[in-house]
Structures are given as structure tokens and as C-alpha cells.
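Residues or ranges marked as active site, proton donor in TrEMBL: TYR48. According to TrEMBL, the feature substrate binding site maps to HIS106. If you look up TrEMBL, you'll see 259-269 marked as compositional bias 'Basic and acidic residues'. TrEMBL lists 257-276 with the feature region 'Disordered'. Summarising the annotation, TrEMBL assigns site 'Lowers pKa of active site Tyr' to LYS73.
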Amino acid sequence: MENYILNDGFAIPKVGLGTYGLRGELGVRQIETAIQSGYRLIDSAYNYENEGIVGKAIRNSGVSRDQITLTSKLPGRYHEYDKAMIAIQESIARTGLDYIDLYLIHWPNPKEDKYVEAWQALINAQKLGLVRSIGTSNFLPEHIDRLEKETGVLPAVNQVETHPNFNQEAQREYDASKGIITEAWSPIGRATDMMSNDLITEIAQAHNKTAYQVILRWHIQRGFLPIPKSGNYQRQRQNIDIFDFNLSEGEVAKINSMSHEDGRQKDQNPAEYQEF
Ligand SMILES: NC(=O)C1=CN([C@@H]2O[C@H](COP(=O)(O)OP(=O)(O)OC[C@H]3O[C@@H](n4cnc5c(N)ncnc54)[C@H](OP(=O)(O)O)[C@@H]3O)[C@@H](O)[C@H]2O)C=CC1
Ligand SMILES: O=C(O)C(=O)[C@@H](O)[C@H](O)C(=O)CO
């Protein structure tokens with residue numbers, strides 16, 4: 001697996017496994033198969049109620065702990081400093097591991113306006129060794145500017161919705177200007193209409209790859225870090241088998257051109273959406 005280097009010096013795999021909806025003992029087995037297939041970055045969140053099974057899969061995997069990057073995320077209801085510190089410790093305890101590699105603020109919840117306080121807690125948790133790297137999710141440039149101005153500390157990653165219908169080029173440019181890696185959530189658009197898109201199907205046929213492999217390759221060639229979710233062994237393998245071909249600049253540009261202003265998931269604009 002190829003890596004990006006974060007602004008705090010740690011390496012992070014270029015593709016990760018999304019785990020929203022993977023739960024229970026079946027979830028443990030699904031995450032174990034992903035690790036056996038080569039995944040070394042696992043994305044979880046307090047609100048997915050699966051930190052326990054993700055931790056169990058990592059502990060069962062036989063892969064050494066320091067080879068795996070585990071992400072979790074702080075929910076909106078815990079943005080106050082003291083609550084955030086407890087929530088981080090609860091996340092770690094549920095995993096059964098000693099630390100979490102990457103901890104993100106899940107949503108900025110700008111109407112509550114407590115995300116700077118939450119960020120102070122993540123900074124302190126990093127100093128205490130509870131979490132290795134810290135970052136944000138669904139943060140717009142204005143939110144990151146405030147973190148920088150009020151704390152002087154920038155996120156290592158910013159995880160945002162990105163897929164061909166919503167390519168986030170402006171956000172990526174902003175993140176890159178601050179040394180932040182942009183992770184892509186819903187990177188294959190939740191597998192809805194992408195397969196039937198003629199443009200992507202044509203490119204896929206030219207490379208003898210699936211439409212989803214082309215989309216995931218497109219993310220990487222643009223400098224994004226996609227975290228596709230699959231509970232299925234074969235699809236998990238397909239989603240990381242994307243390092244043996246290159247899209248041309250023209251193909252990348254064609255996929256970029258699919259993006260449109262209202263291409264994001266419904267009601268997921270971080271300027272408005274509140275998640276607790
Ligand atoms: N920070 C945030 O606010 C958010 C973060 N996330 C994170 O991002 C991850 C990924 O996003 P998500 O919304 O799950 O959407 P994805 O774009 O990853 O799509 C997941 C869906 O695609 C299917 N799928 C996966 N691979 C293939 C394939 N190769 N061929 C056909 N179908 C496929 C999966 O089904 P199957 O499992 O059956 O293969 C599932 O139904 C989440 O799981 C979560 O970890 C998601 C939303 C918001
Ligand atoms: O899955 C996540 O990480 C979320 O933040 C979800 O809330 C997601 O955005 C969603 O589907 C909300 O309906």
C-alpha cells in the first residue's frame with residue numbers, strides 16, 4: 001500500500017476502509033477480511049457505534065498494531081472541552097487498544113460554535129499520547145482558518161464528501177495550501193448511479209478495470225485519500241487493487257467535469273448540517 005505523509009510526519013495509507021454500518025460479529029469478520037486483503041487504514045467514529053468491533057478485528061488480525069492506522073471521530077454533543085476529553089478516552093477504551101491513530105472532529109456544527117473548544121481537547125489528547133494525529137471532518141476553509149487563528153494548530157487531515165458528482169477541487173486546493181491531506185467520504189457515491197455512467201464505463205473498459213476502481217484511482221491521482229466502505233470480500237479487494245494503472249490527464253479532467261453544485265448528498269452541507 002502506498003502512503004501519504006501527514007504534516008505531523010506520520011505516514012498514512014492512500015486508501016482506507018469505511019466502516020459505517022459494519023457492526024456486530026459479522027462486522028468483526030468483515031473488517032478482518034479487509035485487513036487480510038491489505039487494508040491498513042480503518043475509518044470509524046464514536047457515532048457509528050462500532051469502535052468496539054473495529055478494535056476487536058484489529059486485535060484479532062495478526063497484523064502488528066503499529067502497521068494499522070485507526071481513525072475515530074468526536075460527535076457534536078461532546079464539543080465542550082471536558083466532554084471531549086472524556087469522549088476520546090471512551091473511544092479508546094471501547095477499541096481495547098492503547099491509543100487511536102487519528103482522531104477527527106466529526107462535524108463543525110457551526111450553529112453551536114464549540115468546535116474550537118473541541119479542537120483544544122484534541123490538541124491536548126495528542127500531547128497526552130491518547131491519539132497520534134488529529135484532524136477534522138466536514139470542515140470548510142472558514143472553520144479551519146479559525147482553528148489556525150485561535151490555536152495555531154492545523155489539522156493533519158480533513159475528511160469531506162467527495163465523488164465524481166461533487167469533486168471538492170476548491171476544498172482540496174485550500175487543504176493542500178495548509179499542508180492538510182483531504183480524505184474522501186462516500187468516495188464512490190454510495191455505489192448509486194456511477195456504474196451506469198457512460199463516461200466512467202468507457203474509461204473503465206479502456207483500462208480493463210471496474211467503474212469503481214477508476215473512480216478510486218481518480219481520487220488518488222488528484223491527491224485525495226478515499227475510504228470506500230465494503231463488507232464484501234471481493235469488493236474490498238477490488239477497491240484497493242488500483243495501484244497498477246494510471247488515468248491520463250484527459251481522463252481525470254473528464255471525470256472532474258461531471259461535478260455540479262448540487263451533486264452532494266442531500267442535507268450534508270457543513271455550513272448548515274448539525275450532527276450530534
Ligand atoms: N466524516 C463523515 O461525515 C462521513 C464519513 N463517512 C465514512 O466514509 C465511508 C465511505 O462512505 P459511504 O457513505 O459508506 O459510501 P461509499 O461511497 O464508500 O459506498 C459504500 C457502498 O458501496 C458499496 N460498494 C463498495 N464497494 C463496491 C464495489 N466495488 N462495487 C459495488 N458496490 C460497492 C457498498 O456495499 P457493500 O458493503 O455491499 O460492498 C456500500 O453500499 C463510510 O463508511 C464512513 O467510514 C461516510 C459518511 C460521512
Ligand atoms: O456517516 C457519517 O460519518 C455521518 O456523518 C453520517 O451522518 C452521514 O453523513 C449520513 O449519512 C447522515 O445521514
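Note that the numbers count up from 1, one per residue, in the order the chain is shown.
Just so it is clear, glycine is given a Cβ too, placed from its N, Cα and C backbone atoms.
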**Request:** Tally every other Cβ atom lying within 10 Å of the Cβ atom of HIS106 (substrate binding site).
**Result:** 23
**Message:** According to DSSP, collapsed to three classes, what secondary structure does the residue listed as 'active site, proton donor' have?
**Reply:** helix
**Prompt:** Mind checking how the region 'Disordered' (257-276) divides into helix, strand and coil residues in DSSP?
**Reply:** 0 helix, 0 strand, 20 coil
**Request:** Using DSSP with the three-state reduction, classify LYS73 (site 'Lowers pKa of active site Tyr') as helix, strand or coil.
**Result:** strand
